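Colleague: TrEMBL feature annotations, pasted as is:
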BINDING   N183, D258  Mg(2+) binding site
TRANSMEM  22-43  transmembrane segment
TRANSMEM  64-85  transmembrane segment
TRANSMEM  91-112  transmembrane segment
TRANSMEM  124-143  transmembrane segment
TRANSMEM  163-184  transmembrane segment
TRANSMEM  191-210  transmembrane segment
TRANSMEM  230-247  transmembrane segment
TRANSMEM  254-274  transmembrane segment
TRANSMEM  280-302  transmembrane segment
TRANSMEM  333-354  transmembrane segment
Amino acid sequence: MFHYLLSGAISQLTAMISVRTLFAVLTSFVITLMLVPIVIRNIQKRKAGQNIRALGPESHQQKAGRPTMGGIAMVIAICVTSLIWCQLNEFVIIMVLSTVWLGTVGFLDDMLKFAKKSSDGLSAKAKMALILLLGLGAGWLIYSTKIMPSTLFVPVINRDFEIGWLYVFFVTFIVASWSNAVNLTDGLDGLAIGVVILVSIALGGIAYIAGNAIFSKHVGLPFVRGAGELTVYCASLVGAGLGFYWYNASPAEIFMGDVGSLALGGALGLVSVFTKSELLLAVIGGIFVVEALSVMIQVFSFRYFGRRVFKMSPIHHHFELSGWPETKVVARFWIITIILILAGLCILGLNTLLATKTL
């Protein structure tokens, strides 16, 4: 939006997605860097620190009372930055509104935890209902307004599968799955935010390709008019993540809370929907997938067989209890994410090869 207020050569320069992407990273980084200390002071003033569940790793008990809800700073930074540097098309508007919605759900959850002085906030049913409501709303809006095809794109075979009205529920599933997956991963200093930063960089690149008719045809991805603006939105995620990690690096001064994890997870899911990269996201964001699956496997196994598959779930706690230092778990999960992103690039490379043969 900001570039419309400029004139001449400067306006032409800021009209370029690449330039606005750079400014978005810097703007979001600075805003988050400035806001997090304010959040820390306010949380400390109200003595409303993190509540650690009693069943968690013993080493985590020392983290009790540390400030949380740092996600507030990120949500504000992402939304403000997007409004400044993005062209406000339907994709950006939905992304900003969704970020605010999920951030608000997380905020309510965190506030109830403070009020109860417990690690339990909103009931699981209430929280899931609010997330599903957003997913249904976004899915119905996309399907009813036809801003993009209601199809599922499968890379490598380069085919779109029309799923009609089921697309509404597909979008709902994506939003709910990714918001909860990031939430489950947010258990170690710097873990979730580091993976979010890396995945956001990859998604930003995919968005740039999807929004360019020439590049998307060359790579074999569906062309989505206007999706290029999501590159700038992803840049705001990266900048906010870097600004937050400044304070969340081990030993963390603040945690993001549900206000951050739900908003970031839902954002990643929706960007993948708008860029037709839902299946690619499952690859490049594989750490989040494994974290969520580890919880489901653990619950299923214990409920029906009375046995635990892991020492503790999510799986990052399993490795902690296996003797890995927290910082080593985080570093190795980041390395795995980089490898998964490279695997995603290989899929795109194969896509490009097959797309070239069909031209």
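Each Cβ is built from the backbone N, Cα and C atoms, and glycine gets one as well.
Owing to the predicted nature of the structure, the values given are computational and were not obtained by experimental measurement.
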Colleague: At a threshold of under 8 Å on Cβ distances, which of 124-143, 191-210, 280-302 pairs most often with the transmembrane segment (230-247)?
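Modeller: Counting Cβ pairs under 8 Å, the winner is 191-210.
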Colleague: Any residues 6+ beyond the ends of the transmembrane segment (280-302) with a Cβ under 8 Å from its own?
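Modeller: Result: 155, 177-178, 180-182, 184-185, 195, 199, 202-203, 206, 265, 268-269, 272, 308-310, 313-316, 318, 333, 336-337, 340-341, 343-344, 347-348.
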Colleague: Just jot down the residues in the same chain as D258 (Mg(2+) binding site), at least 6 apart in sequence, with C-beta under 8 A of its C-beta; none if empty.
Modeller: G71, V105, G106, F107, D109, D110, G121, N183
Colleague: Of the stretches 91-112, 124-143, 163-184, 191-210, 254-274, which racks up the most C-beta pairs under 8 Å with the transmembrane segment (64-85)?
Modeller: 254-274
Colleague: List, by number or range, the same-chain residues at least 6 past the transmembrane segment (254-274) whose CB is under 8 A from its CB atoms?
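Modeller: Non-local partners: 36, 39-40, 43, 50, 63, 66-72, 74-75, 78, 91, 94-95, 98-99, 102-107, 109-110, 121, 131, 134, 138, 142, 148, 171, 174-175, 177-183, 185-186, 192-193, 196, 199-200, 203, 207, 224, 227, 230, 233-234, 237, 241, 244, 247-248, 280-281, 285, 288.
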Colleague: Six or more residues beyond either end and a Cβ under 8 Å away: which residues meet both conditions relative to the transmembrane segment (191-210)?
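Modeller: Distal contacts: 17, 21, 182, 185, 216, 219, 221-224, 227-231, 233-235, 237-238, 241-242, 244-245, 248, 256, 260-261, 264, 268, 271-272, 274-277, 280-281, 284-285, 287-288, 316, 329-330, 333-334, 337-338, 341, 344, 348.
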Colleague: Against the transmembrane segment (124-143), which of these stretches has the most C-beta pairs under 8 Å: 91-112, 163-184, 333-354?
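Modeller: If we count Cβ pairs closer than 8 Å to the transmembrane segment (124-143), 163-184 scores highest.
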Colleague: Near the transmembrane segment (333-354), which residues from the same chain, at least 6 beyond its ends, have a CB less than 8 A from one of its CBs?
Modeller: 155-156, 158, 191, 194-195, 198-199, 201-202, 206, 218-221, 280, 283-287, 316
